[in-house]
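Undergrad: According to Swiss-Prot, the protein has these features:
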| type | residues | note |
| --- | --- | --- |
| BINDING | THR145, GLY166, ASP188, ASN230 | S-adenosyl-L-methionine binding site |
Amino acid sequence: MAWIQIRLNSTNEKAEQISDFLEEIGSVSVTFMDSQDTPIFEPLPGETRLWGNTDVIALFDAETDMAEIVRLLKEAKHLDSNTAYKIEQIEDKDWEREWMDNFHPMQFGKRLWICPSWRDVPDKNAVNVMLDPGLAFGTGTHPTTALCLEWLDSLDLKNKTVIDFGCGSGILAIAALKLGAKSAVGIDIDPQAILASRDNAEQNGVVDRLQLFLSDEKPSDLKADVVVANILAGPLKELYPIISQLVKPNGNLGLSGILETQAQSVCDAYTQTFALEPVAVREEWCRITGNLKTL
């Protein structure tokens, strides 16, 4: 069966309203896509997990009168002269198979591979993390996640404790455990992230060494040898008092989710208590690492 797709450029403020309206007028499915290839990170409590510039994509069956759909969208003021949209016919495909074909094992550093569960691992002697793309939030494909994974791979984590602050899928905590860490803690504001991290830890056989907490439920005396936080520059600066207290004396800190243009302001926030290393840059994103200073 063929389908007709309409794609409308919108904003995160309007996307959900448009989605609801499209479903009311007969769409069989509605999805959101980033208009500018920017990543989604953890939202603040109560916020919708959307991009700043969002495309709303709706599928209708092939017999749908799309001129009438456009008329209804305009009548409801979801389309105007400033709204870009595109209508096209879509072939029926095995969408699940096509989606799966897009994901391949990826290597980070010298030892670490992230592999979808339906793929054979390229090196059985490597450190292999099995992680399937899904609703939560980090599978290694974005430069910030890659920078953090490569940093963890470069550390000697044997018998170390690790905190993954803003754990999302749990990818960083799980990678640390499989790279030799004694134990890890994942912290997030989103209950869905806690569930996803636990599921992924079970899949990788490390759930017995991973503790998970919502951010407002973490122990007050929590500290670790290594702390990694892949969130955003603004929250990293705002959360400096909290994040810095999580690092043991001489412990390692890794921060990412930071645009290169924001690196200096984040460094300025942390340099008072951390001896920072040169900033690592990939594409327009960067990673800041350092050690907690001791008096």
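Cβ coordinates are placed from backbone N, Cα and C, and glycine is handled just like the others.
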Undergrad: Please find, for THR145, GLY166, ASP188, ASN230 as listed binding S-adenosyl-L-methionine, the greatest distance between any two Cα atoms, in Å.
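TA: That value is 16 Å for the farthest Cα pair.
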Undergrad: What three-state class does DSSP give GLY166 (S-adenosyl-L-methionine binding site)?
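TA: Note: GLY166 (S-adenosyl-L-methionine binding site) is coil by DSSP, not helix or strand.
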Undergrad: Report the member of THR145, ASN230 (the binding-site residues) whose C-beta atom has the most other C-beta atoms within 10 angstroms.
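TA: The most densely surrounded of these binding-site residues is ASN230.
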